[in-house]
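In what follows, a single structure is set out as structure tokens and then discussed.
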């Protein structure tokens, strides 16, 4: 039988052990984190104060920005601290808390992306009924489901993580507490955690992605039937930003969580995790603003009001 050891803290190996690269990474990720906060908080405030952005699409986008802020804040501050620290540790409780919020926020985000795809389907395929079908009450119900479901599923997953046992190896080959590297160093409770991780991730990613694919299949059919070239262009432009965000987010998560944890997959997943924990939250507000005329106009008007107020 393995000699199980009580765990009080883990060592986060991080991205590199080279001191000069750690300083460089600290500067790079600090800038990315500041841009993430600025972009997403700015998007939330802009949607809140702009009359032309009071539609369901921007309501859901504000929640996507809110989740991106917390997803990045759950990981990046600790990563920045460890880049300049000699110990590079995280407490056992802190590790479980980080796991809980990360899993919860990932599930919330994938289902918000699915809800946004459904919203685009309703707007393009049922424009005459869009206002009544996507009322404020309906939008509140649609956005509450990802939060309730995501945090509930995460509680179950974190309890299974709590069931892992360790035998002296407390070095996590990652820059935050993630399930695959934890499974890799555990010596007990591994099988049930490994299979439940793959099954739950597979079910949720498949279901939410199916909603996205079905919605956009119906959207494409409806757009191709439009007689107006301007109508087709406008419809595709409102969907392009969302499809870009969906492709980046789902692609990186599937690569990370739908494989059995091995030394090679954990190392590759660490590089991929940099993208979806730091880069994607920074890019999302840029993607939705640079290709969206309504957001550009709202920014212009907000700046004009600010300048005139002075």
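Just so you know, glycine gets a Cβ as well, placed from its N, Cα and C.
Curation does not apply to TrEMBL; its annotations are automatic.
Counting same-chain residues at least six beyond the ends of the transmembrane segment (23-46), those with a Cβ under 8 angstroms from any Cβ of the stretch are 15-16, 53, 61-62, 65-66, 68-69, 72-73, 76-77, 79-80, 83-84, 278-279, 281-282, 284-286, 288-289, 295, 298-299, 302. The annotation transmembrane segment is assigned in TrEMBL to 23-46 (among others).
Within the model, the domain 'G-protein coupled receptors family 1 profile' (39-288) shows a mean pLDDT value of 86, rounded to a whole number. TrEMBL lists 39-288 with the feature domain 'G-protein coupled receptors family 1 profile'.
Look at TrEMBL and you will find 89-118 (among others) tagged as transmembrane segment. Within its own chain, the transmembrane segment (89-118) has Cβ neighbours under 8 Å at 7-12, 57, 60-61, 63-64, 67-68, 70-71, 74-75, 78, 82, 142-143, 145-147, 149-151, 153-155, 157-158, 161-162, 172, 176-179, 182, 204-205, 208-209, 211-212, 215-216, 242, 245-246, 249-250, 253, counting only residues six or more beyond its boundaries.
Summarising the annotation, TrEMBL assigns transmembrane segment to 138-162 (among others).
Residues or ranges marked as transmembrane segment in TrEMBL: 198-224 (among others).
For 236-258 (among others), the entry in TrEMBL reads transmembrane segment.
What TrEMBL records for 270-288 (among others) is transmembrane segment.
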Non-local residues, at least 6 beyond the ends, that sit with Cβ under 8 Å of the transmembrane segment (198-224):
107, 110-111, 113-114, 117-118, 120-121, 124-125, 153, 157, 231-232, 235-236, 239, 243, 246, 250, 253-254, 257-258, 260
